[in-house]
Amino acid sequence: MLKFFKRQPPKEGEERERLKKELFKFQKCVEHGFPTKPSALAFDPKLQLLAIGTKSGAVKIYGAPGFEVSAVHEGDVSVTSMFFIPEEGRLISACSDSSLHLWEINNKGGTSVLEEKKSDDLYFLNSKVKSMSTCSMSTDFSTLYVGTETGNVHLIDVKTLTEVNVIILDAIIQNVSDDFKVSPGAVEAIASSPVNNDKILVGFNRGLIVLWNTKDNVAEINFNASQQLESLTWHRNGEEFISAHNDGSYITWNARDTEPKEPAATPYGPFPCKAINKIQWKMTKNEPLIAFSGGMPRASYGDRHTVSIMQGENHVVSDLTSRVVDFLIICKADEKDAIETDRDDPHALVILAEEELVVLDLESESWPSFRLPYLNSVHSSAITCSQHISNVPEQLWQKMTDAGDNQNKIHSNREWPIKGGKNLTQSPVSKDLLLTGHEDGTVRFWDASTSSLRLLYKLSTAPVFGIQDHTSDSHSPEDEEWPPFRKVGTFDPYTDDPRLAIQKLALCALSETLVAAGSAGQVLIFNMERQEREQDLKVVKVNIMSEHEGFVWKGHEALSCKVDDLKYAAGFQPTCIMQLDPPAACTALALNSEWQLVAAGTGQGFALLDYAQKKEVATRCTLNPNDLHGTSETAMSRRKSLKKSLRESFRRLRRRRSEKKVKEDRSKKDDSKSPTEHIEETQATTGTSASAGGASPAVGAGDCKPEERQVEARSGEDSMASMVRCLYFADTFIINGGSHNPSLWVGTNGGHIYVYNLTVPPSDKRTSDYVACLLAKEIKLKHHAPVLSMAVIDGKNTVLPDAFEVINERAKAPDMEGQHSIIICSEEQLKTFSLPNLKPRWKNKITAIDGARLRKINFVHFRREADTYSEFDIACLTNTGDLRVYSVSTLRRQLTLQSLRKEDINGISSFVFTKDGQGFYLQSPSEFSRITLSTSTTTATPKCELELAEGLRPPPEIKEEAAGGATDRPTVEVTPASEEQSQEAQGEADGIAVNADDSHMNMSAMSADITIDSVRDVIAENEGTIVTSVRTITQTTTSTVSESAASAAQEAHREVTTVTNGHTEEGDGVTDVLRETQHEITTRTSEFVTKTTEKVTHTGEEVLKQLSELKMTTAVIEDPSLLKQKLVESKMTTTTTTTSGSLATTNELWQEFKATNQVLVFIINHPCRF
């Protein structure tokens, strides 16, 4: 019965709800990295913008660092090609479904956005069109040429995306040889003459090339190549061109001669070569430059992905690790307005590969590559872990920047050539780092302060183990080899040893200490150094299984370290290595640089290292005794034999009755033998447990308890239960409430928590006295759920600061006088224990309420943007992709939203929370997606602007307005008679909900007592929008119909006069129309009143009597439907004196007056149309 008297957390009032809106706000910020599966490339030389299309239909446009806009095509389509319309900020994309799309970069909401303007499905342009085979833009960028598989060429107007002409295959091949008349193949390439827009080269798959005159629709000359055609390119003078073929050769032609100008050249022959997929021919002040992709010898280098550059004696083959999708050359001549120059002056070569972007500097000697400011290949080696560091000190930042600059001396010093648009984002307040660990043993440091993710520095751990880092000299040319290969790019999916993979990272930015733990039990400690120096590297071997001699490790061996003195470059240099035995992958890592301690956990246990003295402090094996006979690197498998499972099931059944008694006896024995305190989490029905209300959004504090699911307890004998999942250092109250001590908290996969009391010598004796570690307490969670995170909060609900933060005035000193609490976050629940007695305070059952399990957790410091208010909360990600925020004080849920798909396992497993409420996760192997839960983190969202010259973009089409006032969907705004009356009427109308179908004009005429009010118009737009215009309400009561007519006429006269006076400047024509309208309305009103008077008088004295008794007030007249309803009711109650004909006539007159008044209101509000 005690469960009904559980203490509940206090309710959250309206002030808290308002505060939550000021603290929490979900926003998807930006995507970092390289687009997955790129398929198209385009460049605007005037605006200097680069566009990349992908197979998933995405279009991304980049300019100067910080300028980025993107959009996605509707439907499941792939972008096959793209073309900029220079200087207009427009882009045309062709997709795999034979459709064209027009995109515009527009400025909206203070930033640039990419919007689709037009799309046209080419399949419906001609029934013979099967699919597009190639596209090309005319020299003047007015026409898009679309070649098809059937051999036709469609001419598309780029402004309207409409077909203006079709070049039929039969017309093209009229004068060609009989061999090509049968089947020339699909249109493989189209090239517009650089000097004559009316002439284009049309190349077919089988080798036929036709020079076509689009103005006269005739073929001027035919060129027959013996090999299958792949690509065409013009000389800048328009008199020569080059064709590339599938046998690795290219041919130079004169545009006036059917025979080749020079014999076919095979750069890497004479043996069979692969096809040259694309070729470009550019003129320089010295010798012409030719660049082409492919063409490698099939037998020896058929698996290479290359782009070759030849200029005179200079010849370089850029060797990439992934397939070349496309490439283009940026020329200075294209960036200028005048095109009379006889040179192209190429200065940069952009290569788009499947996994990376490479930009080569064609103006510098040896054509080095540019250092990418964005679009970096974050997955150059597969990402195995990541960590975010906020507010990095300027000193450490500069050291990393200098070290990174030394690593990138081989890159070009020229300015980045793609620099269009403007970055409007303010400078970041703090410098943030994103650390990524990789499969090849490298750690990369990324600048995550802005919307562009830039590589600062790369650290390789391979040299520590005697493995050469082959990526460091990847750019050196191989002079003795032919072809002259040069490795470009950073993508390298291969690794020399899988044991090098980085599993966990920890960085203390204030002490400049980095810890990296790998897959073979290696834990490396680094310190930042400005100069190159030799390091005396010491290896500390720690045997976690030292107390279990019979243990047999069946996994991989440990890496052998090079203990000789080695020179390490400036940057992070290793000082100590802790090698765990068995050499299993590291599953948890914690660093406290103030105490100079490192704790590392594996699937078998954990170890504590004092890296100041380079000595082992403590170890503990967490394996179940039944699993001590042996384990392997695949210890996470949960498979068991049927025989073993049945045996364990029967054993559990026999133990069930006596289990409680055995535990009590065992706890008594343990208490008598050891001072260690063991605490088992009790059932939820005990009186000491307290749950946090609000675990479900529909349930608040004090409400009925939500229905809980039956969560099956996990087996403590599972081999996964021994895995250490969480390590945490804290200076808090462990032994008693009077003194606080350093402590180490260890959480396992089986819900077991070990609490160690640490004795750390003072700084003056730190190198002489040893660190002591003693087990103080243990906590066993009821359901054996994996422990993901822990944190100690003080009496002010503040998470204890990290090492050196208080000394460096980056955080306030914690409250060491009030009561501390420990928040333990498992996969299934959040629970708060008071310290030092570990008494439960609050608990939020997550899995039991909604079935979700927590996957990623971090304690986040949320700040309010308006002032200095801040608070700590728990940010969580569940296995269903939900993002949640819980308060640290009561564990109440503050925010819930769907962010990731539950099927996105890689995204959920790679998610990383930052300390300020942001999040990073891999939405693909090559892209980080960045989100924020805080209102104060705005620098992560890109704000950019693209300035266009006036008159370059064509004006938007003006849509014809539909005839008739009702179909124009007008916004009705009537000038009030006086400001005071307008405000009064507006106040009355604020609380009124009007149904458009029941709306009537508020001008009525009845015999007896009638109230004539100003019109309050309600017009329902076609989309259901109700626009209400509130008029002045006049309390004028008349006793006769003639007085009503006079009031109506006067009111109409006043309104028309008011509008006329307000629009005198628009011309006498408007005034005349309004006067005629006034006269017409007055006349029709008088006629209506006269007819109504006669008909109402005819209905008899009984009707007049009842209507006079209604005592219609202003409130009744405010609702015309009520007035009509009363009229009908009165008519029905006096059937002896009324007739059906009179009722019909009254309804007709009512509808007529409604129509008349609608015309009046429309004229008043739209005088310009008359």
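Using N, Cα and C of the backbone, Cβ positions are placed for all residues, glycine too.
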**Of the residue ranges 230-267, 458-495, 952-989, 1028-1065, the one that TrEMBL records as region 'Disordered'** = 952-989
**Item:** Surrounding residues of the repeat 'WD' (433-456) on its own chain - C-beta under 8 Å, 6+ positions past either end
**Value:** 29-30, 32-33, 65-66, 68, 372-374, 376, 378, 380-389, 392, 400-401, 404, 425, 462, 467, 469, 471, 492, 495-498, 500-505, 507, 509, 514, 516, 518, 920, 928, 939-942
**Asked** Counting each residue once, how many in the repeat 'WD' (433-456) are helix, strand and coil under DSSP?
**Response** 0 helix, 15 strand, 9 coil
**Item:** Model confidence over the repeat 'WD' (72-113), averaged pLDDT
**Value:** 93
**Message:** Per DSSP, what is the helix/strand/coil residue tally across the repeat 'WD' (72-113)?
**Reply:** 0 helix, 27 strand, 15 coil
